[in-house]
Amino acid sequence: MGVGVLEKLSRKTGVIVGDDVLRLFEHAQQNNYAIPAVNVTSSSTVVASLEAARDQNCPIVLQLSQGGAAYFAGKGVSNDGQQASIAGGIAAAHYIRSLAPAYGIPVVLHTDHCAKKLLPWLDGLLDEDERYFKLHGEPLFSSHMIDLSEEPVDYNIQTTAAYLKRAAPMKQWLEMEIGITGGEEDGVNNEDVDNNSLYTQPEDILAIHKALSPISPYFSIAAGFGNVHGVYKPGNVKLHPELLKKHQAYVKEKIGSNKDKPVFFVFHGGSGSSKEEYKEAISYGVVKVNVDTDMQFAYMSGIRDYILKKKDYLMTAVGNPEGEDKPNKKSFDPRVWVREGEKTMSQRVKVALEDFNTAGQL
């Protein structure tokens, strides 16, 4: 292993932005690793993720989906006009910004899929980014994702370019998607999609690069190479990571780049993929891998096992197998059983950090 990524970063701990995000992704490409992007929905899932990255001595991406951001605000808040998703996203960002330095690792603060119908959510967060930028010289979020993969390619590229123009003065990263990722994710259902549209064409990657590069270097592309969101059995999905290799070679040749990997790729719909598929995709320039479904299951499993094991101590506030007057507070205190979910989720994040070669990269 070469020089650790901390040597490259101006901010060593906490939420990183701008050139530091670029340096992190460049370091990832050069050293054949990717950073897992964990969807967080609560303070509890945030700390489970931060703890795993700290213990594995590596960076992490924490991301909020539109639904996850609304959940952060509370299910009792109306989401008319995306107000809960905007308020929850901002609250989560401030929470992560204030807490992340305590874990001593660099963190990329990101928002996940934003389809066309959810653009008012992204607009509201960008308003807040610009306000924060005026005060602090950096945006609130390190990066955002715009997902117009269901729209015509020209509209996708033009609209993404317009958003990158808005983000560029803040040196804010923008992730975009081209080609469809199958399955179901917040607000986007592509379960019945024709298989061929799961594979992005190299001409599209080049068109994106040509449109976005003159605006800003701070962008990445989630390309379809057979990926599917959600839960599926290994072998049911035909992934073709080698397409990413072809895309890189095509773009390199067409733009005359001296880099073998001129494009920063993102791997979506990764739950259930094999370690070999991850490693192959990473070798072709994938710098970020979205992981959500597996983490949700891991979080639940710790709480499930605790509840099943402690069932006789959770039926009443007082009274258990040790005596009808024995209190159960130590068993039903949320800090006890929620922590069980954090522990199992944290363990699962650690597995991802190993699988993607992220562990030890500081």
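In case you wondered, yes, glycine gets a Cβ from its N, Cα and C as well.
Positions annotated as D-glyceraldehyde 3-phosphate binding site by Swiss-Prot: Ser65.
In this structure, Asp112 (active site, proton donor) belongs to neither helix nor strand by DSSP; it is coil. If you look up Swiss-Prot, you'll see Asp112 marked as active site, proton donor.
Marked as Zn(2+) 1 binding site by Swiss-Prot on the basis of similarity to another entry: His113, His229, His268.
Look at Swiss-Prot and you will find Asp147, Glu177 tagged as Zn(2+) 2 binding site, backed by similarity to another entry. The local packing around Asp147 (Zn(2+) 2 binding site), expressed as other Cβ atoms within 10 Å of its Cβ over all shown chains, amounts to 27.
The feature dihydroxyacetone phosphate binding site is assigned by Swiss-Prot to Gly230, Gly269, Gly270, Ser271, Asn290, Val291, Asp292, Thr293. When other Cβ atoms within 10 Å of the Cβ of Val291 (dihydroxyacetone phosphate binding site) are tallied across all protein chains shown, the result is 26.
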Candidates Ser65, Asp112, His113, Asp147, His268 (recorded positions) - the one closest to Val291 (dihydroxyacetone phosphate binding site) by CA: His268
Mapped DSSP class for Asn290 (dihydroxyacetone phosphate binding site), helix or strand or coil: strand
Cβ neighbour count within 10 Å of Ser65 (D-glyceraldehyde 3-phosphate binding site): 24
Rounded Cα-Cα span from Asn290 (dihydroxyacetone phosphate binding site) to His268 (Zn(2+) 1 binding site), Å: 5
Cα within 10 Å of Asn290 (dihydroxyacetone phosphate binding site) - qualifying recorded positions among Ser65, Asp112, Asp147: Asp112
Rounded inter-Cα distance in Å - Asp147 (Zn(2+) 2 binding site), Asp112 (active site, proton donor): 9
